Amino acid sequence: MTAFKTKAARAAVPVLALGMALASPAVASAHEGDHGTGAGRDDGTTVATVQLRQLNRSGASGQGALVLRGNQVDIAFRVRGVLADAPHAQHIHIGAQGRCPSQRADTSGDGIVNTTEGHPFYGHIGTSLTTSGDTSPASGLAVDRFPAPGGTS
């Protein structure tokens, strides 16, 4: 397993914590029917876990943990089946159904759920989980600032 650690700050994050969908559609995503768990603590911290399952027969999978304190979220992923030494775009999505699509969303019949087909399920990027700098939707494809797991995965 390869570990990703990401820290993102954004004022809107607390609103997203309950209905979020994490997605990197080309690799793995929080998948329909298995959204994870979330629990509030007395200190105002919210902890959520998520199972990442493959999409588009990528073979990628893993687990994630999110810890929300105020408007700061610490996120850690353990993944397998992803390309090592390559950046992996990661986001917290908002709106739509708050979940990732199943293979049934492939309306073109090409065997791949593309971004357009998946959008009604996971919605817009609310926060980009970059390793540094801007975390707004404008950084959604800032591949120079997304985590890149080293070694084999």
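A Cβ is built for glycine as well, from the same backbone N, Cα and C atoms used for every other residue.
The model shown is predicted, which means the values in this text are computed figures rather than measured ones.
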Stretch carrying region 'Disordered' according to TrEMBL (options 100-126, 127-153):
127-153
Helix, strand, coil residue numbers for the compositional bias 'Polar residues' (127-138) per DSSP?
2 helix, 2 strand, 8 coil
